[in-house]
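Please read the structure below before turning to the comments.
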């Protein structure tokens, strides 16, 4: 295919600084045989390119650039133009947007941010990627880890994750997070905390880092060894252990560090972190005092606390079983190594000398527990063993220093190997090894290295990378071919560069390693001789293609590696390959008395024996060299990798200065070449690099065909065949050659550049469609304008014509009106004249007639006045005579009456002086009192008879309850008789009262007269006094009668009420209970009624008329006559029978309860909701009152356990209502116990009636019970909340995030065809969420939750919905759009309105993240100013959350794409944010640890004055009913006392 390079075509041009710069074609000329293309760069620079042809294989042409939609694609293999600049640009753009991970086929490219990004590795992110397939979420190393875990679980095949990259690229951190992922996911999948094994596996990281990592110029935490960690799984699969293999520890770092570098971390940690007394014992002072530590000149790492790291290392060692004592022994050996480095080797003319008193020598040997003389001897001497003798010779100064450093390196290397062996023995003992079913290996190995001076270490590292690259190429090629075979497409063999010649150069029998081993075994072998042998042997065909000699110098050689040619300096190769320590030093070390050192040396011997065993049968038994050991271990590693399914992570170092978020294109480009990413892409480009599923292809490119074609597929039921047919039609009209694409079984495969071609066709179609739409819209606009003008002209014409007609009609109307006015005026004048004449005549007539009438009236008035005067005079004279007669008559009567009164007065005075008369009066008075008493007695007897008759009637009513008609007739007769009798009694009482009042008045007057006339008769006065007392008694009897009468009336009323109840067949009764709780005593009868009255919670029984219940009526007579001791005896027996009591409480009350349903009306009463708690209160309080302490503890324990088990077993519909019911009852119990405790402390009478020990014991008992109820409330509340959150978790995302309830703004699905082909699961709507909150709210309200608790529960659930939905929203790809923002805002607003309607006005504050996320999706995002506005509006969102939402935003075809500058501005905000803490919200409730604080502890306790004992009729609880009845009787008896 040839490229046209039309004007406007985007392409790449090479650049020395940036690698590649983006350009655009500005001119295209064809002059002769030359094509001249003019380019302009984004920064304004202009370039010219000349080419012979426009063929795509012409390397002179600039490489084409991908469409903007593909430039930042998360998978590089999805790029239309798969070339070097496109790959580099995609990684650069994603890195600038803070996306450090990018896929390249099976490879994950991880670019080091050089900044802590803990939010990318939080537990929430781990759970987000757990169970997700690769590609469902953004690229992440957790996706690779999850893919490996799923493949192992599905196929049962071992997996390997290979993490490679150069120093400082982030390999160690990546491997660490992968290990954390496996441990965390395995723990969360089984709903338990991390196991000890998983913790131990994670603990290997700080151990290996401390002993194997160091600061280098490129990396502050560089791994100086390779590590292969096998995480072992059983058949479940569950993690059961791990194994660690290490490769090529950099021993030379122990004795030498370049400038700005450090030794291994552990040395700095022990100096900074150990206690001063321990350091004094080990002779450790300052870092600057030790030669092995002060060479780099930078003893500290910025931002790293070595003391804290030391503690982490010590904790990790303890976790794998190395206790403090053995750790100290390790630190002793490390300190000894530092002292060895300080041993002064004196230089003489021909040899070297060490003083036997050297303090460092003495201290080192003391710590190693070896002989200092022997140790110092073999530093300055060497021993050569021949067949006949041993020759000892002196070493010169340089050789002595090498000997000193060699033994230090040997000990440290042996210590490192011992640590690895200990870790393996701890994490993979024999019993674990027998259970191994599969494993996932994590290989953290050094990347390709190329320095100015390359030595033995770089050679080994690059050799390992050659082997890994060969395996990688073969694996990629294999996967590519398998994909083609699986999809059954036609393909040809793909060639790829094979690095086997380079590997043969190193490994063959006469290769580099073989010649190195041969030279190393010669006593006189040296580097120069070895290099000369290589020149002679390898610098000729066929090896001369990959091996060459530099032009200058004879101490170097060049190897052509797969990445680039590397020149190695031969200095030190032989010595490092030998890696030996003198036999004298070995014998000295083995003679040590240090137990740990003996174990370390034994580990070395064990490894050597295994190696010798493996080499048996291969020839002469030779001492292994470091090169041969590394080669063998590498071969074993490749066997392991080849037997597993490999996954690749390539770590990239973006800049040399380790600056955060800075990108060096040239440096990254060299690493992409070195790590094989570009080779992977080249292999892909050789075939069909771009591949889309049929559904995805049809979804994006269906607009390229007529709408009639794809509407038939999108409407109705869609099948895979219909989608495939649509794709065929699209391809047939879009691509002219079938060789440019292949149709597979499930995917369509494209050659490079085809997607760009299709994107151009799609853009052109959209452009033409937009032009067509604009044309029609403009036509509609102008036609609307024309019609408006035409209608305006017609309107003006009609107005003018109407005006003319109206003028003519107006004139005619006025003329007609004038005629009518004239007619009316003339008629009016004629009528007026007539009316005036008529009116004058009538006035004249009325005047004459009025004068005549007035004259007649005056005459009649005079005549009547004369008659009145005559009548008045005659009447006055008659009245005057009559009054005179009457006055005379009255005077005569007065005189006569006065005379008779004087006579009567004299007679009374005589009678008053007579004693007999007084006695007679007294006798009459006594008779009247006796008569009154008899009358009262008879009336009382009648009342008693009446009561008896009423009792008989009541019994008759009980017997004849089934015969309602007879009962009603008797009731009528009884009422008539009762009314008649009552009326008679009232009349008699009234008469007696009047008589008594008259007697009292007469007695009073008589007593006054006696006191005035007979003061000397004292005896008579005493009699009168007794009479007064008798009268008082009679008055008291009368008052008692009145009281009895009132009681009788009440009884009658109660009887009437009972009759009505029986008629309605709704029996009602008074249920009596008492909340009394007395102090614990030894004797169950020791509390008397008088002492009970002192108890502060003793109160009269409250009676009420409840809803239909079982009748427990207790008569007053029974209460007053009951024996309190008998009641207590029966209560004692019932409460002591724990088996039956517990059975009724547990099975009958708690488990057999029918919880009243919570309704919106909320018509439940407290007694219907809280009766279980109140029954428990009654039983518990009387156990305490009767001294049954042990029984109360058992009873209480049973109740607590059953309630907690009931709540924990709740499921589905029961969770909300049943949980709220038991929570409210539990708080009722807690409030009662708290009330009892406070009352006991406040009432001094209780403490006075008990001994101090009894009082303290009772207080302790109540305190323990209170704590138990508090714990129960806490546990129930947490279980209830977690069950509700679990239920809400299933509905919230579907209802709040996914549901689209707002009509007119429905966001399209990610694919109109995908939703047709694949069915969706259960979908919830916002109505389901609102119904859930309604259920919670009305359950709490119906069961009498305090308002503060209700608000706290609702707010906690709102916070959970906000966090859960926001976390889901922020991880969704190709989902976020402005329409989704509208829908989300509508859904959340409905929830906010619900809160306001239920008086939770602050509810919206806890949905702020969702509300602001919805606003963000609706706001413009085109300029940096728009971003500033977004940050102002979305103040609750962190910069990282804003950046995540914007980067996930799906730009529709009609929207302006978000410019890279805008994304860069958002990323800059994230970099500048100092409060970075992840973009996930915490979904765990309470204080953030998943535990909720009990809100009932923050509200007032419920009041307790009286307790209602309500037992529903459906409960079969005979013992409980009897207990309540006895307690009620006892309480009534106490109140009567």
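Here the Cβ of each residue, glycine as well, is placed from N, Cα and C on the backbone.
Unlike curated records, TrEMBL annotations are generated automatically.
The feature region 'Disordered', as given by TrEMBL for the ranges 1017-1043, 1044-1070, 1071-1097, sits at 1071-1097.
Its own atom aside, the Cβ of residue 166 (ATP binding site) has 24 Cβ atoms within 10 angstroms in the protein chains shown. Across the binding-site residues listed here (167, 172), the residue whose Cβ sits among the most other Cβ atoms within 10 Å is 172. Confidence in the domain 'Dilute' (1197-1472), given as mean pLDDT, stands at 83. When the binding-site residues 165, 168, 170 are scored by other C-beta atoms within 10 Å, 165 scores highest. Cβ proximity to the ATP site centre (mean Cβ of 165, 166, 167, 168, 169, 170, 171, 172, cutoff 8 Å) flags the following additional same-chain residues: 112, 218, 219, 222, 223, 447, 651, 653.
In this view, residue 169 (ATP binding site) is surrounded by 26 other Cβ atoms within 10 Å of its Cβ, with every protein chain counted. Its own atom aside, the Cβ of residue 171 (ATP binding site) has 28 Cβ atoms within 10 angstroms in the protein chains shown. Counting residues of the domain 'Myosin N-terminal SH3-like' (6-59) by DSSP class, helix then strand then coil, yields 0 helix, 34 strand, 20 coil. Mapped onto DSSP classes, the region 'Actin-binding' (634-656) shows 9 helix, 8 strand, 6 coil.
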